[in-house]
Amino acid sequence: MPRSRALILGVLALTTMLSLCGGEDDIEADHVGTYGISVYQSPGDIGQYTFEFDGDELFYVDLDKKETVWMLPEFGQLASFDPQGGLQNIAVVKHNLGVLTKRSNSTPATNEAPQATVFPKSPVLLGQPNTLICFVDNIFPPVINITWLRNSKSVADGVYETSFFVNRDYSFHKLSYLTFIPSDDDIYDCKVEHWGLEEPVLKHWEPEIPAPMSELTETVVCALGLSVGLVGIVVGTIFIIQGLRSGGTSRHPGPL
């Protein structure tokens, strides 16, 4: 990716508005909804309009298809959102972006180096379907490529990626999911490309399979188990004999 590429974010306008109204730290509430997060950037004409609740995405507006996409279909049965509202907000942000670009003399945004972590959704069992999660944080500007590799080859099937989520410092984070079946023959990498990185970053993951016991270890374990069993038999026999003896001496002849 060309790092010299000029990029001014429409989110800067959003940042200004949020700063005037008070930061997220000023809010004291059991639940927080973040409505109408609008991001537009150029060149590339890339935008995003999302709604979040307690840090989780409720829906986003597909700007190409001009429709609302709910994260869970059930949400769409309980509420509705006209995608035209999101498209209008994006149009406003796009206009503001043009104004800011001229005022800044097309100054590029500062690129931050993102950080990535890979982990499984559930405890890993070989042969059992699971999901790998690549969590990428500290993204700015919100332009990034996340690619899954299996045995160094790109994987496209079973991949799902979220929208960008806004952090408190106005950087972003994003998650990429890969459904897979764990095998001791496969290794996986999450490849992250961003303007803040001098070269792509690979986060490696492979299933942790316990090493097989050696013959000596198996022999020691068997011998230990046998010894414990024999000790138990001996101790049990002693207790039985003592019980019989104490029972015999406690008997006294009754009256004639």
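Glycine is treated like the rest: Cβ placed from N, Cα and C.
Copied from Swiss-Prot, the annotated features are:
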- N145: N-linked glycosylation site (CARBOHYD)
- 24-111: region 'Alpha-1' (REGION)
- 112-205: region 'Alpha-2' (REGION)
- 206-218: region 'Connecting peptide' (REGION)
- 24-218: topological domain 'Extracellular' (TOPO_DOM)
- 245-256: topological domain 'Cytoplasmic' (TOPO_DOM)
- 219-244: transmembrane segment (TRANSMEM)
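Neighbours of the residue listed as 'N-linked glycosylation site', defined as other CB atoms within 10 A of its CB across all chains, total 10. Summed and averaged per residue, pLDDT over the topological domain 'Extracellular' (24-218) gives 85. Summarised by DSSP class, the composition of the region 'Alpha-1' (24-111) is 30 helix, 29 strand, 29 coil. Each residue of the region 'Alpha-2' (112-205) gets a DSSP state, and the totals for helix, strand and coil are 0 helix, 52 strand, 42 coil.
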